[in-house]
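Working notes for the structure below.
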Amino acid sequence: MMESATTQSPVASEVFALVALFVISVIVLLILRHYLPLRTTPAYLLVPIFFALCLPASMVLLVPIDLASSAMVDDIDARGIWLERGPLRICWRIAYWLTFCLTWFIIPILGEYSDSGYRDPQAKFRDSLRANAQYYAVVFGSGFIGLLYVLWSYGGFSESLKSTVMALAYCWGLILAIYLMGHGLVAIPRRLFRNADISGRLRRIQTQAPKVYDQMEDAQMNLDDLEMQVAELSKRSKTGTAKNFQDWIEELVDLTNIPESQLANTSGAVRGSGEYIRTKLPTVITEKYMADLTRQLIRAKHARSRYTSDWNRLLHDAVRTQAIIDSVASKRLDFGVPSPNSGFWDRHSPLTPYTRFLYHYYVLPYFNLAFGGLLALASACIVWSEVVKGIFPVLSVIRYSVVHHNVGDKGQIGLAGQAIAALWMVYMCAAALISITEVKVWRGRALVRRNTAPESAFWYASQVARLSVPLTYNFMTFLGVVYKDTVFYDFLGQLINLTPLGKWFDYLFPALILVPVCFTLFGLYGKIQRALGFGVDVLDTLESDDEFGANFGTGTWREGRDLIERELNGSSAAIRGGRRPHYTDLSSPSQPRAAPILTIRANSTPYPLPGNPTTPIATSPNLRPLANTSARRVGTASRQVTLASEDDDENFFEALGHRLKNTIDTIDKPKWLTDIPKPKWMGGDNSGAGSGGNGNENFSDIRRWFGGGAGGGGGSSSGGGGRIRL
């Protein structure tokens with residue numbers, strides 16, 4: 001019987017694997033088409049991102065095949081889809097090493113290359129290598145510590161250096177994967193439960209509206225700041241050192257939205273919105289300054305596109321949700337004429353108004369509840385299996401759902417077990433990947449429909465590739481001794497267990513998934529944030545007369561409701577003030593979008609006008625604040641508190657970093673300490689010709705090691721300007 005089993009040809013399984021791989025490739029192409037314009041996107045961006053998504057997705061196919069191929073039993077029909085060990089080893093090597101190279105070398109270099117502001121490809125490549133040199137210094141420094149540990153444990157390398165590098169890369173990826181997956185295992189079911197409540201969904205949308213609208217306005221004003229620099233630079237393009245970059249400056253002018261008639265009048269005035277023109281170009285225009293300005297301008301345009309897309313999506317969701325609620329009386333639901341950007345289902349829906357009402361008001365909410373309950377149960381099983389696999393592996397729930405029959409020391413995995421294993425892996429990967437878009441630890445990257453920034457696309461693709469191998473192997477450890485017979489264990493698992501620390505790390509560290517799970521489930525992020533003084537939830541509760549004011553919002557849901565209504569009625573410009581005052585020049589009428597401006601950013605104290613250090617903004621002649629109807633003031637006259645959102649744009653980690661930075665910056669330092677120049681690798685001033693007090697030329701400081709610095713995606717204000725928040 002065993003000889004007949006080993007001589008069985010896996011032709012049918014090979015055909016199925018090829019068809020499944022083709023389907024995966026088509027799905028990846030559709031995902032790329034959704035976020036990137038395929039016709040205009042260069043090949044150096046599309047090809048690496050395609051493989052960075054396709055190879056991790058193929059591991060979801062390889063793991064069930066590897067499990068069934070290793071659990072060889074006499075019954076040929078009970079194997080499911082299987083392949084011989086030789087082709088399986090080749091597939092694993094191709095998938096792993098291509099993913100490894102994409103994650104650690106190709107995508108980081110290409111990502112910085114696409115983000116570089118230089119025009120010449122060689123200069124862009126050098127800039128990319130310079131930016132990644134700091135990243136590789138941290139990576140190789142951490143790897144060197146791991147190599148010393150292996151050398152100390154064994155007195156030498158019993159395996160090759162390659163094997164040690166593979167194990168260290170896995171451990172780093174597992175740390176990130178466990179944190180992200182723990183957050184997603186709670187976030188996904190909770191989102192489904194919340195969406196089942198239609199009225200609650202509308203309140204959440206209304207509460208998010210002020211924050212999203214402010215982000216869109218800030219992105220537009222940041223872009224205006226940079227366009228102002230370009231407009232001022234264009235006036236000097238035929239004189240001085242700017243003459244050497246005349247073609248470059250003309251290309252930047254083409255990227256802006258400034259009319260030709262307004263290029264001549266770009267400074268020295270105050271706009272009606274209370275924003276002050278302030279441009280300060282360097283005396284000497286250098287190539288580095290031009291590259292930095294180009295990078296910031298492109299980032300700012302993508303940031304505006306991102307927040308505009310968020311605002312339009314919020315309006316779309318608000319209109320549809322309100323229509324569902326309003327249809328209760330008539331039992332007829334009609335969303336109107338679908339827009340050109342609507343999905344296929346919206347444009348070709350076979351539903352009548354009555355069946356559409358039943359579908360959206362009854363079917364979808366109950367489906368969300370049922371599916372959310374199922375995913376909550378799956379999340380509990382995954383967390384339980386992570387906790388017990390290192391101590392009592394026989395208690396793993398996932399093990400018994402995949403391995404249905406035990407034949408001696410081996411487990412029998414059939415077609416049903418393979419399908420269940422694939423579903424488990426898909427859910428674990430989805431939980432980890434959805435957290436990347438929800439946990440705002442990294443600089444402002446985002447996926448935007450048909451307009452994702454190239455650097456953001458590279459970064460998200462690298463995260464998918466980085467998390468795939470740790471999640472794959474972590475899932476296989478749920479299955480007990482069965483996974484030790486697989487080709488993947490021979491290829492990677494033995495290297496992870498090379499040292500006692502690696503073995504215990506692989507078994508016990510995943511139990512720390514309870515930390516992000518508890519933090520997300522019980523809202524500990526917000527509670528710690530408020531305990532450290534970053535939030536005002538108590539004041540928000542006192543001001544609110546319902547649950548939504550206590551749990552959500554930059555402002556209240558009523559403010560968001562009014563904002564959405566006025567936006568839909570075409571009068572949202574009347575409430576630009578939001579929760580902070582803007583200032584109007586009474587001496588001249590407000591104009592349409594004229595030359596963009598530079599603004600000043602601060603926290604709460606009125607700052608003097610540029611060039612007039614003794615005149616506060618609030619008491620400047622010809623200026624008065626617009627009505628600020630949505631700001632709520634609590635406490636005595638000497639203390640004004642503007643209520644912020646628990647889910648504001650800055651999360652706990654960002655707020656903590658900013659609070660520590662502001663505290664350190666305000667400490668009175670002795671003169672001998674302030675005279676010490678800050679080194680360039682810490683973001684010090686690149687003094688020299690062309691800096692001119694710009695303050696934005698250091699794009700390769702230490703913050704970029706961790707994804708910060710240089711105003712990621714949002715186009716930080718430059719040229720010595722910023723915006724005052726009161």
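For all residues, glycine too, the Cβ spot is worked out from N, Cα and C.
Residues or ranges marked as coiled coil in TrEMBL: 209-236. Per TrEMBL, the feature compositional bias 'Gly residues' maps to 685-695, 706-726. Annotation comment: TrEMBL describes 615-634, 678-726 as region 'Disordered'. Residues or ranges marked as transmembrane segment by TrEMBL: 12-32, 44-65, 94-114, 135-155, 167-188, 366-385, 415-436, 457-483, 507-525.
Panel annotation: around the transmembrane segment (94-114), residues 44-45, 48-49, 51-52, 55-56, 58-59, 62, 124-125, 127-129, 131-132, 135, 139, 166, 169, 454-455, 458-459, 461-462, 465-466, 468-469, 491-492 of the same chain, lying at least six beyond its termini, place a Cβ under 8 Å from a Cβ of the stretch. In summary, the transmembrane segment (457-483) lies against the transmembrane segment (167-188): three or more C-beta pairs, each 6 or more positions apart in sequence, are under 8 Å. Averaged over the coiled coil (209-236), the predicted model reaches a pLDDT of 92.
Contact between the transmembrane segment (167-188) and the transmembrane segment (415-436) is supported: at least 3 Cβ pairs lie under 8 Å, counting only residues 6 or more apart in sequence.
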